[in-house]
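J.: Sending over a structure as structure tokens; questions will come in a sec.
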Amino acid sequence: MLDKMKKLVAYYEEVLSMPHRQEIARELRNEDDLFLLMLYSEMIGIPNPVYYYTLELYPHMIEKFHDWHLRMGMEKSPLSGIRCC
Amino acid sequence: MNAIALAAIGLFIFVLGYRFYSKFVAEKIYRLDPNYVTPAHRYKDGVDFVPTNKFVLWGHHFTSVAGAAPILGPAIAVYWGWLPAVLWVVFGTVFAAGVHDFGTLVVSVRNKGQSMGTLANKLVGQRAKILFLFIILILVLMVNAVFAWVIANLFISFPSSVLPVFIQIPLAIWIGHAVYKRNAKMLVPSLVALAVMYFVAVLAAEYQILQIDLVRYMGGEEGAGIFGLGAISSAFFIWIIILMIYVYIASTLPVWKLLQPRDFINSHQLIVGLGILYLGLLFTNPEITAPITNPDANDVSWFPLLFITIACGAISGFHGLVSSGTSSKQLNKETDARFVGYAGAVGEGVLALISIIAVITFFPNADAFKEAYSSFGAASGGGLGNFVQGAGQLAGGLGIPPEVAATIVSIIVVSFAATTLDTSVRLMRYIISELGTEYKVPALEKTHVATTIAVVSSAALVLIPEGPNGFGSGGYLLWPLFGTSNQLLAGINLLLISIWLKRLGRSYLITLIPMIFLMFMTLYAMISQVFTQWAWWNEQSSTLLFVFGALILGFALWICLTAVSALMSKNQTPIDPKE
């Protein structure tokens, strides 16, 4: 009985928190997108003095980078030298 | 007749509908495939596309679609007697709303989780998308006006509900902050917030000093108000202005700050409300005192207006926006669509059914009912108040004092209406921005410009119609327009599902028949209202209602023509079912 009650409460909490978690994830993703844009702003023509260094991070974030350019409405990677797809 | 028996019959038909009809639709028409890779898996991103347990998704879907509309519509529609209203709610849910909500979910799942607006563009063309946007624009405008009136009306009729409703705002902001910044769990804080609200409600019902009663402050109903208006008119005016200022701020804040935490509290309220009403029904075991049909209701014919008056609760186009906007992106397996979509519509039907029962058991006898529902205008203006009192009476069966129960029920309705208002002003802002992009007016894309247009036009719309209590009290006159625009949207959704089914080479009668029914009722209702009531040559003429009615009529005709040409067209490329 107690187990069932606990399950019910957990279910209820899940229903409540689902849209909220989604919103937090969206907010975090937007921040990440902005950060990526700052790292690779050179690609869209905004001069970036640290571009040379940020490029070093590229292999570590290649998967995320791929998702990012898709989300930004670019079918193919906008970076000509390094291609993720 | 005994009300428990009526509820039991209604619920039994819902169960049959789910058990058999939805199964038939799922297997033979939509042909759900358990192995189909849903968008939630294919485009999984942890934000929009997240595979979700079907029970959790149902809970979320249901709480998103349930609101004040399935309460208000039925409370007005019992004017023609309880049987027509019950029949439309029960059979409308089983044969129209179920396939509509279920269908929009499936079509969207089979099309990368895209929304119905995008699908309109894909299945019919650019014109259909613009038509879709304009109908949603009219719908949200009507929602803003009607719900602002609903809240103002309840604040004036039940002044004890004002303080608890306003207390909800800082409580919600506090919860939002705690969860977002400190990653706190939200169940306990939101339950505490609910307890605080209801405690304040009990106190407010008891002590007059806690009741914010603008009419009393201005010297009662006969007192003088502001700008030379009467007390009630002034109260409506003040509340509507306050609400519009509130909604401006609320709809421009990030959703996690106010809208979402308020939704947590409102989810509890939905369960509390349904629980109180159904348990109260069991304990009070009331008899239905309202007449089965009301022969005195002859100022406005039930046919076709009943089908417009009960929009949400029988079928609602708005559900299609939720199905294709969020739920379709989170469906774990395609076969879950039956439970989430169809049972979501059934949940709404259950709410509408108890709303009818609360009203038809409230009056001591049929004469008292007929006195309260003396005309369609009286039914529209007083329906909600009757529901609150009736629900209070049912809650009395659980030992809750009637004033406290009525206060709590009015808080529940106001909370639902406020969330709807907030969401729909937000939606209107997005649509205005989208139209700005479409027609290259960049100024419209700015948040504050779009919100100002949304708020000012809604405020103007709710203040213009004059009801029996003077300026500002006639917002309910817009209800049939809200109903028709909602039904039109459902009509377009059903049309899109039918086109999709046709292109798959399947039978599309199960969606085409409800669509024809809805479009016929909408056209009939608008033609009769526009030409025999609102046009300038009639006694009750109203330019505002005439203009909006004519606009909706035009849209309805447009949809019918689009439907015929799209369904008759022979050169449509068939869709590969494996796609």
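Each residue, glycine too, has its Cβ placed from N, Cα and C.
Features from TrEMBL:
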DOMAIN    B:2-525  domain 'CstA N-terminal'
TRANSMEM  B:85-109  transmembrane segment
TRANSMEM  B:130-156  transmembrane segment
TRANSMEM  B:162-180  transmembrane segment
TRANSMEM  B:187-205  transmembrane segment
TRANSMEM  B:225-249  transmembrane segment
TRANSMEM  B:270-288  transmembrane segment
TRANSMEM  B:300-318  transmembrane segment
TRANSMEM  B:339-363  transmembrane segment
TRANSMEM  B:404-425  transmembrane segment
TRANSMEM  B:446-464  transmembrane segment
TRANSMEM  B:476-501  transmembrane segment
TRANSMEM  B:508-531  transmembrane segment
J.: Take the C-beta pairs under 8 A between the transmembrane segment (B:404-425) and each of B:130-156, B:225-249, B:270-288, B:446-464. Which stretch has the highest count?
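T.: The stretch with the most contacts is B:130-156.
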J.: Taking pairs 6 or more apart in sequence, does the count of Cβ pairs under 8 Å between the transmembrane segment (B:270-288) and the transmembrane segment (B:339-363) hit 3 or more?
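T.: Checked: the transmembrane segment (B:270-288) vs the transmembrane segment (B:339-363), in contact.
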J.: Do the transmembrane segment (B:225-249) and the transmembrane segment (B:508-531) come together with 3 or more C-beta pairs under 8 Å, pairs six or more apart in sequence?
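T.: In this chain the transmembrane segment (B:225-249) does not contact the transmembrane segment (B:508-531) - fewer than 3 Cβ pairs sit under 8 Å.
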J.: For the transmembrane segment (B:339-363), give me same-chain residues lying six or more residues beyond its boundaries with a C-beta closer than 8 angstroms to one of its C-beta atoms, as numbers and ranges.
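T.: Same-chain contacts beyond the flanks: 3, 6-7, 10-11, 14, 17-18, 22, 25, 54-55, 57-58, 61-62, 65-66, 70-71, 73-75, 77-78, 82, 85-86, 89-90, 92-94, 97-106, 274, 277-278, 281, 284, 286-290, 310, 312-316, 319, 323, 327, 331, 369, 372, 383, 386-387, 389-391, 393-394.
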J.: Looking only at the domain 'CstA N-terminal' (B:2-525), report the model's average pLDDT.
T.: 91
J.: Near the transmembrane segment (B:130-156), which same-chain residues lie under 8 Å Cβ to Cβ, leaving out any that are not at least 6 residues past its ends?
T.: 68, 72, 116-117, 120, 162, 165, 212-215, 232, 235-236, 239-240, 243-244, 247, 317-318, 321, 381, 384-385, 388, 410, 413-414, 417-418, 420-421, 424-425, 427-428, 431-432, 434-435, 438, 454, 457-459, 461-462, 472-476, 478-479, 481-482, 485-486, 488-489, 492, 548, 551-552, 555, 558-559, 562
